[in-house]
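According to TrEMBL:
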REGION    B:1-27  region 'Disordered'
TRANSMEM  B:37-55  transmembrane segment
TRANSMEM  B:67-88  transmembrane segment
TRANSMEM  B:95-112  transmembrane segment
TRANSMEM  B:118-139  transmembrane segment
TRANSMEM  B:146-166  transmembrane segment
TRANSMEM  B:186-209  transmembrane segment
TRANSMEM  B:240-260  transmembrane segment
TRANSMEM  B:294-313  transmembrane segment
Amino acid sequence: MPRTSRRGLLFGTAAVSAGAFLTACTSNEPKEKNTAATSGAPAADDRPGKPVTIGFAGPQADHGWLNAINENARSRAKKYSEVTLETTEGSNDTAAQIGQVKTLINKKVDVLVVLPADGKALTQVGLEAMRAGIPVINLDRIFASPQAYRCWVGGDNYGMGLNAGTYIGEQLKDKPNAKVVELAGIDNLELTKQRSEGFAAALKNYPNIKLVARQAADFTVESGQAKMAQLLQAQKKFDALWNHDDDQGVGALRAIQQAGRDEFLMVGGAGAKSAMDAIKADNTVLKATVLYPPTMAASAIDLARALGQGKGVAGLAELEIPTSLTLYSAVVTKDNVDQYLPTGFN
Amino acid sequence: MTHPAPSARRSGPDRAPAPVTLKKSGPPRPLGLRVDLHTLSLLGILAVLVAVGGITEPEAFLDTGNLQLVLTQASVIGVVTVGMTFVITSGGIDLSVGAMVALASVWATTLATQEYGFAGIVFTAVLVGLGVGLVNGVLIAYGRVVPFIATLAMLASARGVALMITDGKTQIVTVTSVLDLGLPRSYVLGIPPLVLIFAAVTVAGWLLLNRTTFGRRTVAVGGNAEAARLAGIDVRRQRLYLYLLSGLCCGIAAFMLIVLSGSGQNTNGNLYELDAIAAAIIGGTLLSGGKGTIVGSVLGVLVFTTITNIFALNNLQSDVQQIAKGAIIVAAVLVQGRTSPRAET
């Protein structure tokens, strides 16, 4: 698992250097240390610096998570008085999105943040921006060439599956011949494949658990309901369900309610507010959700600002911002849901 | 040398059937109930599918719960297909059905509407469907916009409005009377209410197409619009009514989808236009117009839903499902070419 170890390394380094930095600066002031650790540690610092214009091009927000991405980017940019955000109309059309990024290049923005509908297809325009001297922050769906971006920030799809599988494995480890069902997302997306691979890898650690069925839905409520209804019909009894996406999970929960089933535990994905509410209320089969945090958009704005002002990131003891940043897919359960509820999206 | 064949085929239906169905009050043969070769072939396909399902997954497939599930899943797209059958029979096409379902469902699930409860949601869904259908109809009948273009434009803009209303968010329904309609406790004699609505729409559609002047006019307009006009039919008004009818069906389907999924989302009804057209064509409705069959359309929908069900029960992956679905569409149309009465003439 090269991905895991690389991530481990990255976080390990980050934690160690952050720790060293904090100890060095504030070792005799424990109170300040506390605030530094919980303030979300924005890039550079919060004091206004040199004015920066950030161009933001994202996909059409036709899905709860994508909508949260846009909101996170906008609200974080508003926090900085010297940051101007130039946002394009969201689009799922590759040609249209290329045109929008080109427009932002022509407008000579200082930094670009691009969440492409299709990472591979947008690589060329990323290269174009970099050659024009505009650094690109590639958000989530990765470009095909590292030359096309200065920094990549995104979620960990493999880790999402891994953590979901590990959580389910721990819940069922004492149960002989346990059966698990997977309701995947859109099957022709790379991210779906990675989520499933991570899930399978985690389940390998638990020989008593078997994945008995897997169906793909379309990230929509309607498809979640339809596919889940079929899965429930096909599997008369199972012990756990992993659903890749909380939006389609609304439909899946509805199908479960309609079938009157409750013999299993369900783990969701992405971190919608409705899912977190259900976990907190603890009155459905949904017991946990694995985050794919939309706050990565806010992080991208922070990094873009630091890049535009030629600063490093506070706490990382670097002169430059990193080239790659993978967000952690935390498992939200009843025990820690209050902590994560503010990041839940509608 | 290549020209005579298609033009001869086209002139055949143009000349003969339209006036006949118009002038005689009694049809030349018992309409609809006559089980033709095509309907039989569809029933045959369905029987084969049931056998396949029964053999591969005997316990899960041959089960009351599964029968209820297949019929429920056929219901929403089934109602849309009934409306589509009318439009195609008249020689038109409605590409905006999925977008109409989306728009009607999100409008009907906004917080404001939920305050008015069950009636508010039904009323809004149907009214939005009718409203969008009216715009389609006026554009096509009086604006002389080609149906393909008018409804394609509507597909884009209705989805846009739906996205604007929801802001990309899922609108969860909290009205319990609506939610209860989708739960087993409201089944009537083991039949889910959604299936009953589907059955009612099917019977109404069949009667309207086969037993009323409206139905005969629809067939006449699709067979030969000019002949229909000369025979005294207000072709434009007829077309307007047909797109209104399609909108109405989408409004009803939107309500059914709200009951089924307990929410409204701008992605609702995704690709319904393709599913509904495919089901109608497989059922035996001619894409060129002039011939339509409600029974065939409903069988077409059932074929698709049964296939999806068998795939899921056997845990097939989505790539295999898509390939098989495409193959079945081609196979069914090939069968239609051999069994359709029109192809024999």
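Heads up, the Cβ atoms here are built off N, Cα and C, so glycines get one too.
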Proximity verdict for the transmembrane segment (B:146-166) and the transmembrane segment (B:118-139), three or more C-beta pairs under 8 Å: yes
Cβ pairs under 8 Å between the transmembrane segment (B:118-139) and the transmembrane segment (B:294-313), at least three: no
Seg_contact(the transmembrane segment (B:95-112), the transmembrane segment (B:240-260)) with at least 3 CB pairs under 8 angstroms, min sep 6: yes
Tertiary contacts of the transmembrane segment (B:67-88), as residues 6+ beyond its ends and Cβ separation under 8 Å: 94, 97, 101, 147, 187, 190-192, 194-195, 197-198, 201-202, 205, 208-209, 218, 222, 242-243, 245-250, 252-253, 256-257, 260, 269, 272, 275-277, 279-281, 283, 285-287, 289, 292-294, 297-298, 300-302, 304-306, 308-309
Beyond the flanks of the transmembrane segment (B:294-313) by 6 or more, those residues with Cβ under 8 Å of it: 32, 38-39, 42-43, 45-46, 49-50, 52-53, 56-57, 60-61, 66, 69-70, 73-74, 77-78, 81-82, 84-85, 202, 205-206, 209-210, 275, 278-285, 320-321, 324-325, 328, 332
